[in-house]
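Chemist: Before we start, here is the structure in question, set down as structure tokens.
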Amino acid sequence: METNGIESMPNGMEGDPDLQFLLQGGDLLKVRSPSWKKTRYFRLQEDCKTMWRESKKTFDKNHTFSLDDVSAVRIGRQSEGLKKNTEEHVEGRCFSIMFKGRRKNLDLIASSEEEAKQWVRSLEKLVFNLDNLNSQQKIEHWIFNCLKKADKNKDDTLSLSEMKDFLRLINIELDDDYAEMLFKKCDTSNSGSLAGEEIERFYNLLTHREEIDVIYGEYAKTTGFMSPEDLVSFLMKEQMEKATLADAHKIIEKHEPDENAKAKKLLTKDGFLMYLHHPEAMILNPEHKDVYQDMSQPLNHYFISSSHNTYLIEDQVKGPSSTEGYVRALLKGCRCVELDCWDGSDNEPVIYHGYTLTSKILFKDAIKAIKEYAFKTSDYPVILSLENNCSVEQQAVMAQHMSSILGSALVTAPLGDGMPTNFPSPEELKGKFLIKGKRLNKLEDSFTPEAAEADDDIDVTEEEDSNDDEEEQKEKKSKKKLKLAKELSDMVIYCKSVHFNGFEDARQNLSFYEMASFKEGKAEKLAKESANAYIQHNVDKLSRIYPAGYRTDSSNYNPVPLWNAGCQIVALNFQTACEDMHVNQGRFLVNGKSGYVLKPAFMRDSDTEFDPVTLTRGAWLKHKTLHIMIISAQQLPKVNNKKSSIVDPLVKLEVYGVPADVAKKETSPLNNNGFNPAWNDNFQFDVYVPELALVRFVVEDYDSASDNDFVGQYTLPFNSLKMGYRHVPLLNKNGDLLPSAGLFVHIMILDAE
């Protein structure tokens, strides 16, 4: 690592004109309402990752945001705020900065169209560069930022007190004696401060990882370095990988930073660590990152990432409705979104949570946002789940909007010729939209000209149905039935909503495309008491699960028991960061984050005897023993920005799956070290149905007096674990990557029988 005093810059961007533009900054008009538009000076700080803005009247150092928190930069009047608060003629000068999590967009207007493009191009380039730093570079970038913060007098040196500030910033508490000893060891000039190479020495001492020394030393048999043969030996014996000398040469060529060592075909310890930090060498099997499953199976043979009340971005009672809810869910790979539709003024349907104080958005604006963002993360089909409470007139308007906005991407007739007997595949439906809703007649009737005209007097509301308790049923019966517009009915092809009257009734009387929605309590009861019947039902049909009505705070439920019963559309409140959403993100982390994960073969067989509760013998039973050693962690962030408090970390290991596989274990907490804590604790788990199992790593800040604070987590499917020594990335509560934090573990999976 090279240091010239204390500075930091993304790789390959030195002297870049776009970077220089941001470092110089400029005036932009910040937009909050039609009347609130104020000039603010924006510029990039010297750390090359923090944007700072100055008010014309006051200076506030807190007015900053990190580029790590930016999810996208959008040119034009694309955000709700800019559409509502600006005129069309400023379209080319507008742009929005979108943030991860719940933070509101930053809506801005530049002085010219060219300047707006320059801001967007420069910000996008820098965000891309920061996102694509490897883990080791992110660690260095983060440490340099902390060094820069600690250097209070900006003289590019560190005094002893500044060094102690720096240690606190990086989440490590050293007693004064040890801190002074470390300082003196590095202060070779005896100047009372560290500069240049002394800071580099300080950095190297601080980031020295003993566990890497041990592993490297075990295999570095060639004059103290790793030869290609040594590396092959490590990969085969420790990482359980089939590796050739050609593979080893590629790794050295790609990851070795020392040109002299690279020329001699040797891997230094730094190169070895760079390799271990690379995504291809981390815990998630790189072969599972892209689409690797068969996508030509019928649609109902997949678990489908699904959102409930997608338009809400906070609670279910009085919070705001927003098209941003759809944008955020779709960018996270969600493939089934919900639209709660009601009559609006001027014959324009609106979306909001009926009979509550949640705000309203136009139906057509939601469809436009869905159209724009549907296929940015995944090419596979999006299901629009309609909760239809509109009059016939406004239902016709809904149909017109969907037809004109979605165009040929909207499926309005079965694929192929004649009446289908099964679902098309996600592959066949790439780039398509499916409507889920009520239909006036059977799909078969559209192929029979003499079929009787269906009665348009039908209960069109969705959530639902025979699954409600007695009081809710009475309330629904007292409501006047709404009529269904033929234009909207005809758009429902593969996802016709029907009442559920038991598995036997469904088997005998329902067509494959007729599907029920189940409230979580009803679904959980069926999954527990009639699991095999539910699984067989879902071999032929789709099932959608949605949260109970009492979850007014937008809390979630555990999706795993419903997946175990073969339910495909397990809808969660995507806006709520919680354990259940972490598990959902883990389930759909693989297969290209496409939002579709193929169900195991034993859940796609109509004669299956699989029951996750009783767990009788069958093809699903593949008993494995999972051995996990939690070795260490690196650069754990402080909790809730508590600057004075150092983390006392512990690691929890959780296995999700069939009831027999569910387990939780944890390390002991370590006091006052979030920078480089080491545990070397071993754990063992029995996993009986690996194809349904997920493994979750959770880091918490231990608190003896109250609940532990969440620090970070990572969840992935059991069958996507790589064996050997692996780094585990950590995500924050919202599911976004913590740039420099991680765990270092050893994984071994053995056949138990």
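Cβ coordinates are placed from backbone N, Cα and C, and glycine is handled just like the others.
In case it helps, TrEMBL gives these features for our protein:
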DOMAIN    21-128  domain 'PH'
BINDING   30-57, LYS436, LYS438, SER517, ARG544  substrate binding site
DOMAIN    138-173  domain 'EF-hand'
CARBOHYD  SER189  O-linked glycosylation site
ACT_SITE  HIS308  active site
BINDING   ASN309, GLU338, ASP340, GLU387  Ca(2+) 3 binding site
ACT_SITE  HIS353  active site
COMPBIAS  452-472  compositional bias 'Acidic residues'
DOMAIN    488-604  domain 'PI-PLC Y-box'
DOMAIN    607-732  domain 'C2'
BINDING   ILE646, ASP648, ASN672  Ca(2+) 4 binding site
BINDING   ASP701, TYR702, ASP703  Ca(2+) 5 binding site
Chemist: Averaging the per-residue pLDDT over the domain 'PI-PLC Y-box' (488-604), what integer do you get?
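Modeler: Averaged over the domain 'PI-PLC Y-box' (488-604), the predicted model reaches a pLDDT of 96.
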Chemist: What residues, ordered by sequence, lie under 8 A Cβ-to-Cβ from HIS353 (active site) and sit at least six positions away in the same chain?
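Modeler: Long-range Cβ contacts: ASN309, LEU312, GLN316, VAL317, SER321, ASP340.
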Chemist: What number of additional C-beta atoms lies within 10 angstroms of the C-beta atom of GLU387 (Ca(2+) 3 binding site)?
Modeler: 23
Chemist: Measuring CA to CA, name the entry from the binding-site residues LYS38, THR50, LYS436 that ends up nearest GLU338 (Ca(2+) 3 binding site).
Modeler: LYS436
Chemist: I need the nearest neighbour of THR50 (substrate binding site) among the recorded positions HIS308, ILE646, ASN672, TYR702, using C-alpha distances.
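Modeler: Its closest listed neighbour, by Cα, is ILE646.
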Chemist: Would you identify which of the recorded positions LYS30, LYS38, HIS308, LYS436 has the most other C-beta atoms lying within 10 angstroms of its C-beta?
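Modeler: Max Cβ neighbours within 10 Å, all protein chains included: HIS308.
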Chemist: I'd like to confirm something. Which of the recorded positions, SER189, ASP648, ASP701, TYR702, ASP703, has a Cα closest to the Cα of PRO34 (substrate binding site)?
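Modeler: Ranked by Cα distance from PRO34 (substrate binding site), first place goes to ASP701.
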Chemist: If one measures from the C-alpha of PHE42 (substrate binding site) to the C-alpha of HIS308 (active site), what distance in angstrom results, rounded to a whole number?
Modeler: 37
Chemist: Provide the three-state DSSP residue tally for the domain 'PH' (21-128): helix first, then strand, then coil.
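Modeler: Here the numbers are 35 helix, 39 strand, 34 coil.
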Chemist: Taking the centroid of the Cβ atoms of ASP701, TYR702, ASP703 (Ca(2+) 5 site), which other same-chain residues have Cβ within 8 Å of it?
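Modeler: So the extra residues in range turn out to be VAL639, VAL647, ASP648, PRO649, LEU650, PRO669, GLU700, SER704, ASN708, ASP709.
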Chemist: Let me spell it out: for each of the binding-site residues (ASN309, TYR702), count the other Cβ atoms within 10 Å of that residue's Cβ, using every protein chain shown. Which one has the most?
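Modeler: Counting Cβ neighbours within 10 Å, the top one is ASN309.
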Chemist: Sorry to bug you, but what's the C-alpha spacing from HIS308 (active site) to LYS30 (substrate binding site), rounded to the closest Å?
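Modeler: So the alpha carbons of LYS30 (substrate binding site) and HIS308 (active site) sit roughly 33 Å from each other.
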Chemist: Rounded to a whole angstrom, what is the C-alpha distance between HIS308 (active site) and GLU387 (Ca(2+) 3 binding site)?
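Modeler: Spelling it out, the Cα of HIS308 (active site) and the Cα of GLU387 (Ca(2+) 3 binding site) are 11 Å apart.
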Chemist: In angstrom units, rounded to an integer, how far apart are the Cα atoms of LYS38 (substrate binding site) and ASN672 (Ca(2+) 4 binding site)?
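Modeler: Cα-Cα distance, LYS38 (substrate binding site) to ASN672 (Ca(2+) 4 binding site): 44 Å.
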Chemist: Look at the recorded positions THR50, SER189 and tell me which residue has the greatest number of other C-beta atoms within 10 angstroms of its C-beta.
Modeler: THR50
Chemist: How big is the Cα-to-Cα gap, in Å, between GLU46 (substrate binding site) and ASP648 (Ca(2+) 4 binding site)?
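Modeler: If we compare the Cα positions of GLU46 (substrate binding site) and ASP648 (Ca(2+) 4 binding site), the gap is 31 Å.
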